[in-house]
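Peer 1: I have a structure I would like to understand better, so I am pasting it below and will then ask my questions one at a time.
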């Protein structure tokens with residue numbers, strides 16, 4: 001890069017020089033989408049320092065330098081090597097400089113320039129969607145907006161008309177139109193033509209063209225599917241004007257008779273309808289409801305039918321929309337439709353029919369047996385008028401309190417009644433045709449028993465109270481009330497007074513409170529527990545109904561010792577139990593529980609003692625008196641040879657040649673040599689006693705084997721206390737005199753009575 005040098009003056013002894021830029025370009029323009037075979041020439045970069053002598057070198061850097069763009073380093077010619085698209089990149093920024101070929105020094109500062117691409121119309125308009133979906137109400141006015149479509153063009157909108165679009169409709173005439181500038185689609189026909197019931201779906205093709213719609217411009221298209229939404233512009237219409245049905249007279253209420261159908265060209269809620277019976281002789285006998293799913297009218301039975309009374313009915317049924325109808329396009333057409341329904345009744349052999357669906361009867365509870373309570377009546381509804389026989393369903397009258405006359409239906413009493421047991425009796429009466437026993441019917445009969453004053457009032461509960469020994473006259477000690485099983489119409493009214501036969505009229509009095517209660521008052525200021533501890537006060541209770549009933553209730557009053565505040569301190573045993581709130585039965589139950597508990601404890605103790613066994617000898621060194629321990633096990637109950645019992649008969653005997661009796665000896669058998677026992681003077685009586693018992697045991701065929709333990713209890717002789725054995729004392733028991741027990745006081749009185757009585761019996 002070169003420049004000019006100018007002398008503007010000197011300053012500070014220095015000469016200032018200003019270099020003038022010598023580049024001869026600012027920006028270049030290049031047409032996009034170049035289709036030539038050679039490189040596309042852009043322009044020439046030239047510095048005023050270039051003298052043409054070939055000493056300068058042009059260098060290019062920046063976007064696409066060396067690849068897309070190249071420069072001739074000798075003369076500065078700039079070329080594009082590739083085909084460029086403005087829609088991909090609209091401009092490129094490059095930098096150029098000039099250096100000396102020999103020294104490589106920059107002769108010019110690096111300078112930036114731009115290469116812009118000129119746009120050509122090479123892109124057609126494109127819509128945001130290939131397919132649009134829209135809707136518009138039917139019967140819309142002309143110009144009603146439906147939807148808006150938008151297209152874009154990738155060309156440069158700032159250069160020429162390549163990106164200026166115009167919209168047009170190529171398919172969808174004459175129903176719709178499009179705004180050429182905004183792309184808004186509108187209805188083009190009036191309400192009379194845009195009828196959904198005639199045509200519901202439309203397909204509209206919209207075209208967008210660039211170059212402001214001029215010839216040669218590129219175009220893009222899109223499709224818009226438009227649906228007309230429904231409005232309620234059609235009333236329902238019956239598919240036929242007359243309907244005919246037939247039903248048996250025995251049909252139950254609420255059962256469908258048939259269906260009628262009306263058609264509405266509209267959709268959804270606009271097609272919903274309801275039916276109603278507006279006139280006809282069956283207006284009160286039938287009803288019509290709407291099936292929400294099928295929109296059909298269902299005719300149902302409202303009341304029971306009777307062939308003998310009416311054999312056919314005619315109904316006028318109306319149908320209309322549930323939603324408000326748009327009447328702008330109906331003209332003089334009605335908004336509702338009417339149809340005639342004829343229903344024929346078929347005869348059926350029916351059971352007897354009672355005059356009422358149920359009967360309610362009343363009778364006094366004291367009515368005599370045979371009294372009529374009321375009557376029922378049934379008849380054959382068919383034309384035959386067959387006689388009817390009546391009976392009671394005994395499953396509803398298990399106590400057999402009522403009966404019915406089979407001919408006239410009169411119900412009467414066959415057993416006494418009591419309202420207090422059951423105030424109502426619900427029975428069923430059966431009516432049966434004589435000629436056709438299978439034709440039966442039932443009717444419920446409710447019999448109410450009217451109350452009669454046949455029960456006397458009585459205390460509401462058991463009353464028991466106490467009175468202090470020191471009190472004051474007129475002191476209330478108890479409030480009593482009464483109950484009555486009867487149920488008078490005006491409610492209960494009780495009167496209380498002291499019974500005439502009461503023996504304690506001078507001690508207590510009764511004051512009627514007037515509210516079906518009464519207070520028992522004292523008439524004295526002092527009572528004595530020692531003189532009389534319990535008072536039984538009879539209270540007469542009378543009701544206020546007719547015939548008057550009365551009874552006497554007894555109030556138990558106990559005399560107790562009280563403190564200054566009137567609180568009970570001490571009564572007799574019965575009063576204490578009463579004040580504690582425990583009855584005699586409760587005390588007996590508690591006592592029985594205590595006894596059973598003691599018996600269980602004793603039983604467990606006995607079982608525990610029985611399981612505990614004390615050995616005869618705890619150790620070999622512990623020898624007590626004459627007890628000898630032999631730890632020789634026998635051979636069983638039938639083994640009589642294994643052990644010699646003679647050792648027990650004479651402990652001092654010594655056998656020189658003792659043989660085992662439970663094995664076979666190896667030598668010659670010799671009889672055992674017994675030595676005569678040396679008697680001892682001190683225990684001769686014991687020896688004699690044991691020998692005698694051993695002899696008795698040996699001679700007893702039922703005695704156990706020899707190796708079984710036999711115990712002989714003998715205490716000896718010479719005891720100061722004498723023998724305690726029952727064998728030795730039995731003979732002397734009758735000689736004992738027990739009269740001295742009477743002198744030992746009241747504690748031994750029971751023993752004296754027992755043994756003294758025995759002595760008297762023995763003497764007698």
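In case you wondered, yes, glycine gets a Cβ from its N, Cα and C as well.
Fair warning: this is a prediction, and the values are worked out from it, not measured in the lab.
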Peer 1: Ranges 586-607, 608-629, 630-651, 652-673: which does TrEMBL label transmembrane segment?
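Peer 2: Result: 586-607 is the stretch TrEMBL calls transmembrane segment.
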Peer 1: Please list the DSSP helix, strand and coil residue counts for the domain 'Cadherin' (239-354).
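Peer 2: For the domain 'Cadherin' (239-354), the helix, strand and coil counts are 7 helix, 55 strand, 54 coil.
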Peer 1: How does the model score the domain 'Cadherin' (47-127) in terms of mean pLDDT?
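Peer 2: For the domain 'Cadherin' (47-127), the model's average pLDDT rounds to 83.
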